[in-house]
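Sharing the features that TrEMBL gives for it:
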- 30-37, 150-153, V179, 187-190: ATP binding site (BINDING)
- H37: active site, proton donor (ACT_SITE)
- Q61, Q156: (R)-pantoate binding site (BINDING)
- Q61: beta-alanine binding site (BINDING)
Amino acid sequence: MTDVFDGPRVVRTAAELRALAGSVALVPTMGALHDGHVQLMKHARPLADTLVVSIFVNPTQFAEGEDFTEYPRTFEDDLARCAEADVDVVFAPTVDVMYPSGHGAGQVTVDPGPLGSVLEGAVRPTHFRGVLTVVAALFGLVRPDVAVFGEKDYQQLGLIRRMVDTLCLGVEVVGCPTVREADGLAMSSRNRYLGPEDRQRAAAVPRALDAGVAAGPQGADAVLAAVHGVLAAAGIDPDYVALTSPDLGEHGGSGEARLLVAARVGAPRLLDNRAVHLGDPTSGTTPSEGA
Ligand SMILES: Nc1ncnc2c1ncn2[C@@H]1O[C@H](COP(=O)(O)OP(=O)(O)OP(=O)(O)O)[C@@H](O)[C@H]1O
Ligand SMILES: CC(C)(CO)[C@@H](O)C(=O)[O-]
Ligand code: BAL
């Protein structure tokens, strides 16, 4: 008899997760899956015996007035995307399975610390508490050996790494490069909120990052000016343009750094980031000249 793969097994309860075979890789998502998610799954596939994708639109990371209710829910299409990447199990819990003792005021949550209140955290002050709490709960339910996240949400990835270290969760956290559309726009479930004109304008965000990376040898001020210049030319007023160290601390003025941008373009907020190498403008030579 031939072994026909007919898609992932859909699991909705904690009890069903106890029978997972061998080592386990987890890709947490909120569904509305696109090629960026599929790349995370393909990256995760060889890392463990069993590949689990979770699909859960987590209410605690949305603030009052954000798009929790409107967030796209495309479960049947999502199962097809998971099948493409040979996913074994799709874990799609209800809110009660995810938060068996509730998620209101008075419950235990994971405090993201100071990194949770800057950049995205300054715009969405309760967001990372919700993200870290649900990721910790997913780790508790799925018990993965390895978990894969996208660099598109760079601050989220950094905070999850810190949580795993601080709480000694024993999960290997793997980051995957951002998957982009042909014009450079980072894929994102919320891109579907972009109307045609804003969709075109949105390509200025990755173009601004390109300009920032190209200005790297001239130093941090030149990088920030280049990014702001491209965004302004496209009529985009960013929530922030920031340079940090690769692990989201203060950058050292020269050397490796991370450049992060967030901006509302039409309905959605777009996030993007790139690695950048900063030259030291006071040294009189660029890093390649000086090497
Ligand atoms: N373009 C992308 N490239 C790589 N990873 C991505 C990309 N988009 C999302 N991811 C990652 O997929 C995981 C699940 O993200 P999520 O389900 O929130 O999708 P999203 O596209 O980021 O949605 P949203 O538009 O709500 O931000 C996260 O680890 C996220 O960083
Ligand atoms: C990590 C995550 C699945 C937690 O809900 C979410 O923040 C996301 O999709 O990036
Ligand atoms: N990928 C980020 C999830 C959120 O915006 O809630």
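Glycine too: its Cβ is placed from the backbone N, Cα and C atoms.
Whatever TrEMBL says is automated annotation, not expert-curated.
Each of the listed features needs to be described in terms of its position in the shown structure.
Taken residue by residue with DSSP, L33 (ATP binding site) is part of neither helix nor strand, so it is coil. Cβ-based neighbour count (10 Å, all protein chains) for L33 (ATP binding site) stands at 26.
Non-local contacts of Q61 ((R)-pantoate binding site) by the CB criterion (under 8 A, 6+ apart in sequence, same chain) comprise T126, H127, F128, G130, V131, V134.
For the recorded site, Q61 ((R)-pantoate binding site), the DSSP three-state label reads helix.
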Rounded to the nearest Å, what's the C-alpha distance separating S189 (ATP binding site) and Q156 ((R)-pantoate binding site)? Just drop the number here, would you?
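Approximately 16 Å lies between the Cα of S189 (ATP binding site) and that of Q156 ((R)-pantoate binding site).
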Please give me the binding-site residues out of E151, Q156, V179 that lie within 10 Å of H37 (active site, proton donor), comparing Cα atoms only.
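Near H37 (active site, proton donor) by Cα: V179.
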Measure from each Cβ of the recorded positions L33, G36, H37, V179 to the atoms of ligand 2 and list the residues where some distance is under 6 Å.
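Result: none.
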Under a criterion of Cβ-Cβ distance under 8 Å and sequence separation of at least 6, what residues of the same chain contact E151 (ATP binding site)?
L157, G175, C176, P177, T178, N273
